[in-house]
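What Swiss-Prot lists as Zn(2+) binding site is Cys111, His114, Cys182.
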Amino acid sequence: MPSLSKEAALVHEALVARGLETPLRPPVNELDNETRKRLIAGHMTEIMQLLNLDLSDDSLMETPQRIAKMYVDEIFSGLDYANFPKITVIENKMNVDEMVTVRDITLTSTCEHHFVTIDGKATVAYIPKDTVIGLSKINRIVQFFAQRPQVQERLTQQILTALQTLLGTNNVAVSIDAVHYCVKARGVRDATSATTTTSLGGLFKSSQNTRQEFLRAVRHHN
């Protein structure tokens, strides 16, 4: 793996140790992003031609390049730990020992089974120990792991593990409520169902009162 920030390396190692890392094959020859985009565009051209689409049409001729750029620079950018957000943690000088909750974190991800959209919101909470984290960093961590081919259960646990690792405490909880377009737009075509996943650590798992306080925050969001 290329040179990474200390925080990115720690999070990656923690996910591997827990068996929660996104399935990735070892790179045989590390490609730069421009090469990736060029090769993806070539394969996308072949796919579109197999669908009998006319790539000489001005509406379609740039589509392979647009998709390649979207994959590498946007919706799958979380596969590259070089894009892991810069994390700021500060000493807990105020001795905060109550739950800190961030609700309504918007996320858009991609189902790894069909490569269609997952659209949802996350609620994240933690009880500080020695450090506290800049609130926007929680949103950025959620977004980083969402920018991958995902299953919602793994995404929830990846966010939990990342925050536990960075904050040095197990007292973290994550809940995600999302609509899966592999259910909404194909297959059963259920336009109204949503999926909720929750991952609890430390006191959020062992203390009924703490768990209920978090779940009330989740219900408030819903």
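Including glycine, each Cβ sits where the backbone N, Cα and C put it.
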CB contacts for Cys182 (Zn(2+) binding site) [other CB atoms within 10 A, all chains]: 17
Residue with minimal Cβ packing [other Cβ atoms within 10 Å] among the binding-site residues Cys111, His114: His114
Local backbone state of Cys111 (Zn(2+) binding site), from DSSP in three classes: strand
For Cys182 (Zn(2+) binding site), the three-state class that DSSP assigns: helix
Other same-chain residues whose Cβ falls within 8 Å of the Cβ centroid of Cys111, His114, Cys182, the recorded Zn(2+) site, in sequence order: Thr110, Glu112, His113, Phe115, Val116, Ile118, His180, Tyr181, Val183, Arg186
